[in-house]
């Protein structure tokens, strides 16, 4: 494609995707509220507050695809989540509607379903069970995206990211790990598909201990290749076994279920 927008490009995952997604477009437009490293060849850097509708409109203009990693990615006071994940996402979808409806990869989260027990295997249509205000904001985001698809035909992949890290490093991640390579191959598949719609995609690698069923995604032609099982021995040898009553091994959202409702100081 001509120009691919990556929001949240200064974040931990955004910095990884900056390098990995460069071959997908002639120009990579990188955006974040935080300062970005200087633009390299075939890059554009934009400092943008998602809560500023005019800034978001300018950020989206001229883009042929969007990978939306921006916003708040952990549990925070509602006032912060509201600006980045609710107002900000509305601004993004309005900007996309005004600029030809480029296809969107929306970084949703496993915390939309965090209160499900780890004993359950989940398909894409299970009712939401968010484990905090962050998870609630991602439920909002998924529903906003579905409304824009039904009303305007805006296509979005709703990627419920598990644990997108270089390697799994705890027992829960043996089920939730999503390798960087598998995320990149998913993004490639989303933009390659002739028709996308607005599907839920469980953002996880091909983990033997996985809880999530992506069998509905045959039309994408995407198959994750990595498997957290390769790291099980290292985890068991270096990590004390968790208490069976610990949220880390009881709930799919892990310790997020233990978070309080944080208040703005």
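In case you wondered, yes, glycine gets a Cβ from its N, Cα and C as well.
Since this is a predicted model, take the numbers as computed values, not measurements.
The C-beta environment of residue 34 (NAD(+) binding site), restricted to residues of the same chain at least 6 apart in sequence and closer than 8 Å, consists of 10, 11, 47. Per Swiss-Prot, NAD(+) binding site is recorded for 12, 13, 32, 33, 34, 49, 50, 69, 70, 71, 72, 73, 138, 164.
Sequence-distant neighbours of residue 111 (substrate binding site) (same chain, 6+ residues apart, CB-CB distance under 8 A): 130, 131, 132, 134, 135, 138, 253, 256. If you look up Swiss-Prot, you'll see 73, 109, 110, 111, 163, 172 marked as substrate binding site.
Positions annotated as active site, proton acceptor by Swiss-Prot: 134. Neighbour count (other Cβ atoms within 10 Å of the Cβ, all protein chains): 26 for residue 134 (active site, proton acceptor).
Binding residues for NAD(+) (12, 13, 32, 33, 34, 49, 50, 69, 70, 71, 72, 73, 138, 164) extend across at most 24 Å, taking the greatest CA-CA distance. Take 73, 109, 110, 111, 163, 172, the residues named in the record as contacts for substrate: the widest Cα to Cα gap among them comes to 18 Å. The DSSP secondary structure for residue 73 (substrate binding site) is coil.
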